[in-house]
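First the structure, in the form of structure tokens, and then the observations on it.
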Amino acid sequence: MTSKGAAMSFSRKSYRLTSDAEKSRVTGIVQEKLLSDYLYRIFSSPDHGTPAATSRKPLNFHNLPEHVDQLLQVDDEESQGQVEGRLGPSTVVLDHTGGFEGLLLVDDDLLGVIGHSNFGTIRSSTCVYKGKWVYEVLISSQGLMQIGWCTINCRFNQEEGVGDTHNSYAYDGNRVRKWNVTTTNYGKAWAAGDIVSCLIDLDDGTLSFCLNGVSLGTAFENLSRGLGMAYFPAISLSFKESVAFNFGSRPLRYPVAGFRPLQDPPFADLVRAQRLLGCFQTVLSVELDPVEGRLVEKESSEWQLHGQPTVLLTLAHIFHHFAPLLRKVYLVEAVLMSFLLGIVEKGTPEQAQSVVHQILDLLWLFMEDYEVQDCLKQLMMSLLRLYRFSPIVPDLGLQIHYLRLTMAVLRHEKSRKFLLSNVLFDMLRSVVFFYIKSPLRVEEAGLKELIPTTWWPHRSSREGRDGQEAKEETTEERQRRRAYERGCQRLKKRIEVVEELQVQILKLLLDNKDDNGGEASRYIFLTKFRKFLQENASGRGNTPVLCPPEYMVCFLHRLVSALRFYWDEYKASNPRASFSDEAYIPPQIFYNGKVDYFDLQRLGGLLSHLRKTLKDDLASKANIVIDPLELQAATMDDLDEDEEPAPTAAQSWRARQRPVQALAIGGALPLPRPGWLSSPTLGRANRFLSTAAVSLMTPRRLLSTMEKVKVRSLNVEQRTREDIEGSHWNEGLLLGRPPEEPERPLTENSLLEVLDGTVMMYSLSVHQQLGKMVGVSDDVNEYAMALRDTEDKLRRCPKRRKDILAELTKSQKVFSEKLDHLSRRLAWVHATVYSQEKMLDIYWLLRVCLQTIEHGDRTGSLFAFMPEFYLSVAINSYSALKNYFGPVHSMEELPGYEETLTRLAAILAKHFADPRIVGTDIRDSLMQALASYVCYPHSLRAVERIPEEQRIAMVRNLLAPYEQRPWAQTNWILVRLWRGCGFGYRYTRLPHLLKTKPEDANLPSLQKPCPSTLLQQHMADLLRQGSDVAPSFLNSVLNQLNWAFSEFIGMIQEIQQAAERLERNFVDSRQLKVCATCFDLSVSLLRVLEMTITLVPEIFLDWSRPTSEMLLRRLAQLLNQVLNRVTAERNLFDRVVTLRLPGLESVDHYPILVAVTGILVRLLAHGPSSETEQATSVLLADPCFQLRSIRYLLGQPEPLAPGSALPAPDRKRFSLQSYADYISAEELAQVERMLAHLTAASAQAAAASLPTNEEDLCPICYAHPISAVFQPCGHKSCKACINQHLMNNKDCFFCKATIVSVEDWDKAASTSATSSAA
């Protein structure tokens, strides 16, 4: 059934006013008596019914208008002006003209408000002083707000709002309190989607509130009344909180008997509309039978419009009066909405859709376009309000009815296209229809009956016990778990009904076959969807215009379901296309300008920069030529954007914005209205699309200059099906295909753009929301641990201590009730957010991103055009699957899981150091993702499975010098590859931290050691092969170790001085954190040195290499410095460790000493004797070497100096022997052999050492004799100092002259040469 009727064209004009001749001719179609009976049956008076046939005059279309006018006469006793007890305009709105302090954003209709300051206050334009009154507040966010009443004399500010002054009264559902100068507990907690009714009884002087129609009881009594006392509805909101008021402009959702809305309903129009609706319903249920000459009663669901002139003329007379009424908000919601909902509730979905479809046909047929458009707009806004602010009931019946009606309306093609073009994304947020809100009060939602038995997982609270405490499940626990799971399944099935309806609605919006009268729905949706994404991508700092993330999560899942349906449907009819499992975004979409990415960052930087630097590659690889003149104009346009003249900027602003809203700050100032309450902010168009002329060469062959045809990319708002899907000469979105891309089509181009937008949605806010919802599960685990600890205490508590038993029993009850509540909420969260189906959606997006990145990488330099969010979504979606969905569902069961892990590993390994990626944030994200990846055994094995050349390239990038780049994460990756192989390096947590409260065991740093011998071997091979790889890498590691440990020592000196002051003082927590970080960096750098010297000892010990001796001397110097600082008893390090300051938990003797010991053992207790002797001589030659530091490792006290006091006998000494669980007996034996070797070698060195003249010592280190002279300046030092200096700087240490060469210098030879010359 189309809006044209049964192949006949009817218009409202044809049937509203007709000539007498026409009426006579039409009347003759049926008998006069039958027509009169029919019209009396349709237009019967509600008061007197249908008059008897003998007492009435015949009714026909000639005298019908008079009859209808008489039928619609209403005695309007209700005054539309002033009513006793009320002062102010009859149309009640928020007073945005001033009289209060605070900053607020007020919607166009002056009924919605968003807090935009610390605590802004606003009141209504009308007050009451007598009688019983009520208004409703629709809660859009559940934060800090105080809602109630105030008088005109109340003065508010940014700290004090409604309820904080005399004669102002408020209810605060966020803190569950009532306010009137003082505060007490009152009511229940509210949530987003609730409706608060505010009632004031000025006859009795009482004030009360209702939440979703349920009374919360009397809040205040003995209100001040009398002369000058009138009360205004008022609200105070904190920043970002939002509500909408209903003073009576729409039917109250929860009317209260005896209480009157502040704004009177349109009584006369309401009666007329109800009578006209009754006439319309009668038309649907009564049929003319001309053959039998009688009226036939039938079900309205069976009614069909057959083009009967009598029926059409009758409907024309009805709509002549009905159409103007259907433009009014109140009447649409009270009359039309109720009628349509009744149809949906009574019939089957198919019957309801058929009837609604025909009703919409009639609306378009008999009403003017502007009338039906206003009607549909109000209808959808009412539907959205009803859906959004409906309470959750056990069977979700309310939500199902509203969604079924929404779907029935959208099935009507003409209505759907109008709503898509003008309403769904412009006037209201259609994403609300795809949201299923989470109930805050599980009892009211019926979850207690749906899930009568609760259960929660029992997890061990101590890490390191490896599940030793994990008891087997008892029979009772197993029965509880199964009963809980059955309840969860019942809940999930009910939620799936709602989700399926939401998917069906989206399928209607994505229909691309309804192009009979204009553009198909999908292409309208694409334009609006892109603007929606632009608003949320560009409005990060403007919270009011952003779509709430919880809505985005639901919208994304429904969009993925609808998208995959259409994708696979296209594959079924086009065998050459791809299945949705193989979906990806072709790389040309990122650089051909056909899709708007707003101002989002690209991997290679700014789009304007990429277009200039890569224009040759675009021409050679993608056949896209950018006009230099247009490019220059676009660049200058971007530069001058902020310097445009004021009038032009103002005109542009007005052209881009919807109607303004009021800025409530003592006066009415224009401000862009917040998108969530009204229309979106469009923002500026992409400069690439609007100004850059792009030349496109469509054939895949080399073209001459003459064949290059210049065309301009179409703006997003102007695109048609041909612009997107293409034609025989135009590839549409896929214009500029690179040679690496296959020619076969993936799917319809429009679906590619929907997929691209879906990936962008995930990056905008979905991932953060998925992480936020994990908090419910965390709360369950915390309360479960608290309950178990309480039950353990109850079992241990002596029965004679009844006071303790009573307190423990009370705590047990509190924890049990809280767990019952949380476990039911968790069931809801798992069903709506973390279900298996939702996990598959996120996994599919991960695979889409991986394939998109792989295809983009093949384009070479054009990969830089890819938006950054593709890489971030690949990283974040994997993190979500592992950390958010993993505890509920097993990742190993995902299809192709191992292959996906390997592909992601290859991407991280290749691109973390990719020069085509310039953004600091995305490079850091890639580095952190790779660092996390190598911490878990299954993902580390995936790294080992990538091709060998990629593994070697990754390790080569890890071994690049640390200077001029972020190196901490790189070093941490190398440490993780070594952890489990180093000396005493098999711990998960440090030994001294095991007894403290555990952290999250899922953290990467708390995973069990899983070293990679394969990657270690690659590292060893690279360090051996490259002549300059090892020196530059180790020089940078030694430099960073010197810096990190020096910073650490400097900071603990400041901390120690602050701790020793007598006056009260505080140490900055940030300083403690930086101090601990420097210590951790020092330990990790030492571990990298240990790994290097273990894998490739010849780098330090093969002195045939030019840098080996220098590196060994530097290493020995640093090791001795660390040992001296850490091992001296009662020194700075010892005292700070003893303080055990919060934030310095990781600072301890063990981690840094075992790292140093591992290096020393490898140098002195392994390898041939020649290498050992070389290492020993270098170590002993360092002036900072002290044998007591080595003895300290085994707990041996240093010899007492003459006259020194004996150490305290109860002092606990550090010793590696005390860590038998962490250090093996073989390792301890190696330390003992090392100590014996050094003891003997130091004794020999002491006997052989000769005194040295101070003038002959190196002026840089004052430790070694001068042995080198710099040319041409002639300054001198020891070889070790100048070699180390030249690793980083070529200027002279003393005079800054450039050093050309370094020559050996011998004092005796120099002296003799001088004497000879003399």
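Backbone N, Cα and C atoms are what each Cβ position is placed from, and that goes for glycine too.
Feature list (source: Swiss-Prot):
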type     : residues                   : note
DOMAIN   : 72-252                     : domain 'B30.2/SPRY'
REGION   : 459-481                    : region 'Disordered'
COMPBIAS : 460-481                    : compositional bias 'Basic and acidic residues'
MOD_RES  : R687                       : asymmetric dimethylarginine
BINDING  : C1258, C1261, C1278, C1281 : Zn(2+) 1 binding site
ZN_FING  : 1258-1296                  : zinc finger
BINDING  : C1273, H1275, C1292, C1295 : Zn(2+) 2 binding site
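Comparing local CB density within 10 A for the binding-site residues C1261, C1295, the maximum falls on C1261. Using Cα positions, the member of the binding-site residues C1273, C1292, C1295 nearest to C1281 (Zn(2+) 1 binding site) is identified as C1292. Among residues of the same chain six or more beyond the zinc finger (1258-1296), those with a C-beta under 8 A of the stretch's C-beta atoms are 1031, 1035, 1039, 1107, 1110, 1113-1114, 1181-1184, 1252, 1302-1307. Taking the Cβ of C1273 (Zn(2+) 2 binding site) as centre and 10 Å as the limit, one finds 17 other Cβ atoms among all the protein chains shown. Spatially, by CA atoms, the binding-site residues H1275, C1292, C1295 include one closest to C1258 (Zn(2+) 1 binding site), and that is H1275. The record gives C1258, C1261, C1278, C1281 for Zn(2+) 1. Within 8 Å of the mean position of their Cβ atoms, the other Cβ atoms in that chain belong to L1257, P1259, I1260, Y1262, A1263, H1264, I1266, S1277, K1279, A1280, I1282. For the pair H1275 (Zn(2+) 2 binding site) and C1261 (Zn(2+) 1 binding site), the Cα-Cα distance reads 14 Å. When secondary structure is read from DSSP and collapsed to three states, C1281 (Zn(2+) 1 binding site) falls in the helix class. Taking the centre of the Cβ atoms of C1273, H1275, C1292, C1295 as the Zn(2+) 2 site, the nearby residues of that chain (Cβ within 8 Å, site residues left out) are F1270, G1274, F1293, F1294, K1296, A1297, I1299. Rounded to a whole value, the Cα-Cα separation of C1261 (Zn(2+) 1 binding site) and C1273 (Zn(2+) 2 binding site) is 20 Å. In this structure, the C-alpha atom of C1278 (Zn(2+) 1 binding site) lies 17 angstrom from that of C1295 (Zn(2+) 2 binding site).
Mean model confidence of the domain 'B30.2/SPRY' (72-252) amounts to 90 (pLDDT, 0 to 100 scale). Neighbour counts of Cβ atoms within 10 Å were compared for the binding-site residues H1275, C1278, C1292, and the top value is held by C1278. In the structure as shown, the Cβ atom of C1281 (Zn(2+) 1 binding site) sits within 10 Å of 21 other Cβ atoms. According to DSSP, C1292 (Zn(2+) 2 binding site) sits in a coil region rather than a helix or strand.
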